[in-house]
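Per Swiss-Prot, the features are as follows:
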type	residues	note
BINDING	His2	Ni(2+) binding site
BINDING	Cys70, Cys73, Cys86, Cys89	Zn(2+) binding site
Amino acid sequence: MHELGITQNIVAIVLEQARGASVKRVTLEIGKLSAIMPEAIRFCFDICCQDTLLEGVTLEIIETEGKGKCRHCGHEIRLSQPFGQCDRCDSFELDIIQGQELQIKEMEVEELCV
């Protein structure tokens, strides 16, 4: 389960960027072609956040659709797996242009007024 290592890195990045501030919500963007299971990330996130400043933080996951672009005719198609066939010219030569991403999209941080 490579999601544990990925989640440990996500937690480390969020803690570093928060600089001690109270984080309320973390939003991740995970592509459907990334071979990363969102539910496994969610499970690992809860475990990795235990006994840290992130314990109890809300995790939101946005899954992005897979898209490919045909190398022959330039047509864009939806992909549910990292390969496919152009529905315009029947070519199998596609470049994946969306759906492999994993990024921390947003962090909601509570600012303290002093």
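Using the three backbone atoms N, Cα and C, a Cβ is placed for every residue, glycine included.
As the structure is a computational prediction, the values presented were derived from the model and not from experiment.
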Could you state the CA-to-CA distance between Cys89 (Zn(2+) binding site) and the residue listed as 'Ni(2+) binding site' to the nearest Å?
37
I want the residues beyond Cys70, Cys73, Cys86, Cys89 whose C-beta is within 8 angstroms of the mean position of the Zn(2+) site's C-beta atoms, in chain order.
Arg71, His72, Gly74, His75, Asp87, Arg88, Asp90, Ser91
Cys73 (Zn(2+) binding site) to His2 (Ni(2+) binding site): how many Å between their Cα atoms?
36
Including all protein chains displayed, how many Cβ atoms other than that of Cys70 (Zn(2+) binding site) lie within 10 Å of its Cβ?
21
If you run the three-state DSSP split on Cys70 (Zn(2+) binding site), which class comes out?
strand
